[in-house]
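First comes the structure, then the notes that go with it.
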Amino acid sequence: MKYIGAHVSASGGVEFAPVNAHEIGANAFALFTKNQRQWVSKPLKEENIRLFKENCTKYNFQTDYILPHDSYLINLGHPEEEGLEKSRAAFLDEMQRCEQLGLKLLNFHPGSHLNKISIEDCLALIAESINLTLEKTKGVTAVIENTAGQGSNLGSEFWQLRYIIDRVNDKSRVGICLDTCHTYTAGYDIVNDYDKVFDEFEKEVGFEYLRGMHLNDSKKELGSHVDRHDNIGQGLIGSAFFERLMKDSRFDNMPLILETPDESKWAEEIAWLRSVE
C-alpha cells in the first residue's frame with residue numbers, strides 16, 4: 001500500500017499539521033516541528049503535544065508515515081567547530097522534539113563542506129554528528145535525504161550516502177529519503193534509466209535503508225545540480241515516471257511526500273497518484 005501526502009503547514013502549532021494533511025486526502029505527511037529558519041525555538045508545550053497525538057489518531061495517521069524535516073540551517077558536516085557545535089545542538093533539539101511527539105523519523109539534508117575540507121572528511125563528520133545524536137535519544141531514525149549537489153552540498157551521489165551509513169554505529173536507526181527532483185538533477189536519469197538507477201541504489205545503498213520519498217517534478221535539467229521543484233507532470237521528469245513508481249512495490253509502506261510548489265494542487269496530485277497505483 002502507498003502512503004501519500006505532502007509537507008503541510010504547522011502554522012499555529014504542530015497539532016494543525018495532521019488536520020491540514022487530512023484536508024488534502026493524505027494518509028502520510030511531513031512537517032517542521034519548529035521554525036525551520038531559526039536556530040532556537042520555544043519548547044513544545046504539553047498541550048501542543050497532546051493535541052498533535054489526538055489529531056493523528058483522529059485522522060488515522062500512523063507514526064511510520066509521518067516524516068518531519070529539520071531546519072535548513074543545520075550543517076552536520078560543518079568544517080568549523082562553532083558552526084558544527086551549533087548544528088549538532090539544533091539537530092539534537094529536533095530529534096528530541098520528534099521523541100516528544102512520538103514520531104519515529106527525522107529527515108535532514110546531510111551537510112556541506114563549504115570548500116574548506118575534503119568530501120570524505122565532511123561525510124565522516126556527518127556520521128559522527130548522527131552517532132552523537134543517536135546516543136542521546138531513543139526510537140527516532142535519522143533519515144538522510146539525497147541532495148541535488150548544489151554548491152558544496154553533499155549527499156547527491158549514492159556512494160556518499162553509503163559512506164555515511166557505514167560509519168553510523170546503530171544501523172537500525174539510520175535511513176535514506178530519496179527526493180525524485182534531487183535524484184534527477186544530481187545526474188541519475190530516472191526517466192530513461194528507471195531500472196538502472198534503482199538497481200544502482202540497491203547495490204550502493206540498499207532498499208532496506210529506504211524510509212521515505214519526496215515526490216517532486218523538476219524545473220531543471222538532468223545533471224544540472226540545481227534544486228527547483230515542479231508540480232507532478234509539469235516538469236522535466238514527467239508523469240510517466242511517477243506512474244511507474246506508484247506501481248512499484250519497493251515503494252510501499254513508507255511516506256511518499258509531495259513538496260511541489262503549487263500547494264493548491266496537492267489534493268489533486270494525491271488523488272492522481274492513487275488513481276495510477
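These residue numbers are counts, starting from 1, taken along the chain as shown.
Here the Cβ of each residue, glycine as well, is placed from N, Cα and C on the backbone.
Keep in mind it's a predicted model, so treat the numbers as computed, not measured.
Marked as Zn(2+) 1 binding site by Swiss-Prot: His69, His109, Glu145. Around Glu145 (Zn(2+) 1 binding site), the same-chain residues six or more apart in sequence whose CB sits under 8 Å from its CB are Asn107, Phe108, His109, Pro110, Gly155, Ile176, Cys177, Leu178, Asp179, His182, His214, listed in sequence order.
According to its DSSP assignment, Asp179 (Zn(2+) 2 binding site) is in a strand. Residues or ranges marked as Zn(2+) 2 binding site in Swiss-Prot (evidence: sequence analysis): Glu145, Asp179, His214, Glu259.
If you look up Swiss-Prot, you'll see His182, Asp227, His229 marked as Zn(2+) 3 binding site, on the strength of sequence analysis.
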### Message
Around the Zn(2+) 2 site formed by Glu145, Asp179, His214, Glu259, which additional residues qualify by having Cβ within 8 Å of the site's Cβ center?
### Response
Asn107, Cys177, Leu178, Thr180, Cys181, His182, Met213, Asn216, Ile257
#### Entry: Other C-beta atoms that fall within 10 angstroms of the C-beta of His182 (Zn(2+) 3 binding site)
26
### Message
Can you name every residue in this chain, apart from His182, Asp227, His229, with its Cβ inside 8 Å of the center of the Cβ atoms of the recorded Zn(2+) 3 site?
### Response
Thr147, Ala148, Asp179, Cys181, Thr185, His214, Asn216, Ser218, Arg228, Glu259
### Query
Just the number: how many Å between the Cα atoms of His69 (Zn(2+) 1 binding site) and His229 (Zn(2+) 3 binding site)?
17
